[in-house]
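Engineer: Have a look at this one.
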Amino acid sequence: MKAVVLAVAALFLAGGEARHFWQRDEPQASPWDKIKEFTTQYVDSVKDSGSEYLKQFETSALGTQMNLKLTENLDTLSSTFSKLREQLGPVTQEFWQNLEKDTEWLRQEMNKDLADMKQKVQPYMEQFQKTWQEEVERYRQKVEPLSTELREGARQKLQELQEKLAPLGADLRDSARVHVDALRTQLAPYSEQMRERLAERLAALRDSPSLAEYQAKAHEHLKTLHEKAQPALSDLGQGVLPVLESLKATLVGAIEEASKKLSSQ
């Protein structure tokens, strides 16, 4: 199971490199940076929207009577969560950095395979693009006189024009289907070859002597992450507990006061 997880992680990293290779984009942020950025944005969004509703409730008649201090409690929880995120950040980032380092050879091999595949496939893609442009130009030349006829003709000729365009559109679709099928047939051997190479790379990764060593490292990282998370989670629980107790006591007091008023009537 650990080997499967490691292989998926390696494919994730190698896949990111392959995407940059084909798109020629600048490398993006690390997975941990993306997770951290998303979490920060989500928590800030929830905090901002939640604070607005809590302030409205606190200023209401019921909120003033109950004196819940929800905004203050929300700030306390936000501070505790930020502390937890800061404690877990270095450990998780170190795990991703080690994973990228240990799978560097796999990414290099995959990039070589992709470069070789791109070189072989490029002529077919260029020919497909050239043929398709010729088909579109041929279609445009046939349609242009009909468009002129439409502009110069009356409305009663619209139906006739549509009838003339229908077979041309069908012809273009049929031509496109033929070219796509031909391209698919030409690329099929390369797709199969790429799948075989990927299987070989994964087999080499699975049989690598360093796999057991890396599994031990991953286990140690997870153990360290768990140990460092425990105090922060404990602090989070301690921060939430007073809020719940305060809310419970306030609600109980409000219920008792309401019961006394009903009894005295």
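Heads up, the Cβ atoms here are built off N, Cα and C, so glycines get one too.
Sharing the feature lines straight out of Swiss-Prot:
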- 90-111: repeat '2' (REPEAT)
- MET110: methionine sulfoxide (MOD_RES)
- 112-122: repeat '3' (REPEAT)
- 123-144: repeat '4' (REPEAT)
- 145-166: repeat '5' (REPEAT)
- MET194: methionine sulfoxide (MOD_RES)
- 209-230: repeat '8' (REPEAT)
Engineer: Which of the listed modified residues (MET110, MET194) has the least company, meaning the fewest other Cβ atoms within 10 Å of its Cβ?
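Structural biologist: Relative to the other modified residues in MET110, MET194, MET194 has the fewest Cβ atoms within 10 Å.
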Engineer: For the repeat '3' (112-122), what does DSSP give as the number of helix, strand and coil residues?
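Structural biologist: So the repeat '3' (112-122) is made up of 11 helix, 0 strand, 0 coil.
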Engineer: For MET194 (methionine sulfoxide) and MET110 (methionine sulfoxide), what Cα-Cα distance in Å is obtained after rounding to a whole number?
Structural biologist: 10
Engineer: Which residue counts does DSSP give the repeat '4' (123-144) for helix, strand and coil?
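Structural biologist: Counting residues by DSSP class gives 22 helix, 0 strand, 0 coil.
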